[in-house]
Structures are given as C-alpha cells and as structure tokens.
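Engineer: So TrEMBL has the following annotated:
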- HIS138: active site, proton acceptor (ACT_SITE)
- GLY71: substrate binding site (BINDING)
- HIS147: acetyl-CoA binding site (BINDING)
- 8-81: domain 'PglD N-terminal' (DOMAIN)
- GLU139: site 'Increases basicity of active site His' (SITE)
Amino acid sequence: MSSKQKTVIIGAGGHAKVIIDILQHDSSIEIIGCTDKSEKPQIMGIPLLGDDSILPTLFADDIRHAFVAIGDNKLRYKIAVQVEKLGFTLINAISPFAYVAPSSQLGSGIAIMHNAVINAEAQVHHYAVINTGATIDHESVIERACHIAPGTTLSGNVHVKEGTFLGTGSKVIDGVTIGAWSILGAGSVAIRNIPESCVAVGVPARVIKQIHI
C-alpha cells in the first residue's frame with residue numbers, strides 16, 4: 001500500500017508547471033492530476049481531470065491533499081479557502097534547491113521556488129509564493145497570499161502585508177512595511193513604507209496610483 005500523499009493541483013498554467021517540477025522531486029507526493037478549464041489532455045505528462053467542480057468527487061475518492069497553483073494573488077487566496085472548506089489539506093511546494101532556515105515559520109499552501117532563500121526567523125504565511133531566486137532575510141514577515149517575484153530581495157525585518165505583489169528584481173530595505181494588496185513594480189526599490197492598495201514604482205519607489213479592491 002502506497003504511503004504517498006495523493007495530491008491534486010488546481011491550475012494548469014505556467015505557474016502550475018513550476019509547481020509540478022518541484023513536487024516531482026518530492027518522493028512523498030503523488031500528483032494524481034490537475035484541475036483547469038482547459039481542454040488539453042495533460043500538462044507536463046500530468047492528466048487534466050476537469051474543472052474545479054470535480055474536487056468534491058476527488059475528495060470522496062480519498063484524494064485528500066491539494067495545491068493551488070495560481071499566480072494571481074486574489075484568485076489563489078479565494079480558491080485556497082474554498083479548497084480547504086471542502087476538506088483538503090493544502091501541502092507546500094518547496095524546491096530542494098531552496099534554502100529554508102530551520103528557525104523560519106511556514107504556513108500551508110505556499111510555494112518556495114528554486115534558489116529562493118528564507119533566512120533566520122522569517123515568516124511565510126499561508127498561500128504565499130516565494131518565486132525563483134527571491135531572498136527573504138532575517139525576521140521578515142510575508143503575509144497570506146503574497147507573491148514575491150523572481151529575483152526580489154528583502155532585507156531584514158521587512159513586513160509584506162496580505163495579498164501584495166513584489167515585482168521581478170524589486171528590493172526592499174531593512175524595516176520597511178509594504179501595505180496590503182499593493183504592487184511594487186519590477187526593479188523598484190522601497191526605502192520607505194508603502195501604503196496599502198496602491199502601485200509604487202521607481203528608484204526610490206513612489207506611489208503612482210491607487211488600487212480599488
């Protein structure tokens with residue numbers, strides 16, 4: 001009898017491809033398929049099982065683990081909560097090529113991609129994405145459903161609040177807080193706090209518009 005965790009992946013786009021690649025390195029996980037509206041038969045050799053309406057049937061068939069592989073923060077958060085309400089346990093997808101400090105704290109349903117670094121006493125909360133080569137330094141906090149894009153650098157004691165997106169190659173200096181559901185543009189450098197629900201870009205980063213959630 002297999003002791004592997006039978007897991008369904010929700011989503012079948014580019015983000016899901018990276019998640020599949022990571023989970024295929026984990027001998028404790030068996031990916032049974034993906035859910036998506038696409039009519040493609042498979043993704044990277046993993047069968048597409050149908051759209052999300054099939055999830056209750058999968059749960060009834062003793063598939064009890066899931067991963068929400070959707071890049072959009074708001075949608076990932078919404079679906080993750082729905083999937084948990086169905087009874088699924090959300091697993092983590094952590095690359096074997098990432099470094100995660102033993103003193104860090106991790107939520108559930110998170111992705112930590114290849115060459116990412118989570119340093120001492122950092123916190124990564126539920127449904128967050130720490131993308132390829134991103135670094136989260138000591139005692140920083142990444143709240144629920146954030147997405148830290150590839151190559152982003154966070155110094156120590158940074159606080160990124162719920163649902164925020166930090167663009168590719170952006171940087172945040174020590175002690176800065178980025179408000180909930182904001183966007184820090186690619187290549188931008190945050191040297192002071194950024195308010196919630198806004199877009200900030202540039203070096204140094206400045207708010208250019210508000211976001212209406």
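Note that Cβ sites are derived from N, Cα and C of the backbone, with glycine treated the same way.
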Engineer: For the domain 'PglD N-terminal' (8-81), what are the DSSP-based totals of helix, strand and coil residues?
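Structural biologist: Tallying H, G and I as helix, E and B as strand, the rest coil: 28 helix, 21 strand, 25 coil.
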Engineer: Please name which of the recorded positions listed here, GLY71, HIS138, GLU139, is nearest in space to HIS147 (acetyl-CoA binding site), Cα against Cα.
Structural biologist: GLY71
Engineer: Measuring CB to CB from GLY71 (substrate binding site), give everything in the same chain under 8 Å that is also at least six residues away in sequence.
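Structural biologist: GLY71 (substrate binding site) has long-range Cβ partners GLY13, GLY14, HIS15, VAL129, HIS147.
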Engineer: Please list, in sequence order, the residues in the chain of HIS138 (active site, proton acceptor) that are at least six apart in sequence and whose C-beta is under 8 Å away from its C-beta.
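Structural biologist: When sequence neighbours closer than 6 are ignored, HIS138 (active site, proton acceptor) has ASN119, ALA120, GLU121, ALA122, GLY156, ASN157 within Cβ distance under 8 Å.
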Engineer: Are there any residues in the same chain, six or more apart in sequence, whose C-beta is under 8 angstroms from the C-beta of GLU139 (site 'Increases basicity of active site His'), and if so which?
Structural biologist: ALA120, GLU121, ALA122, GLY156, ASN157
Engineer: Taking the Cβ of HIS147 (acetyl-CoA binding site) as the centre, how many other Cβ atoms fall within a 10 Å radius?
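Structural biologist: So the Cβ neighbour count for HIS147 (acetyl-CoA binding site) comes to 25.
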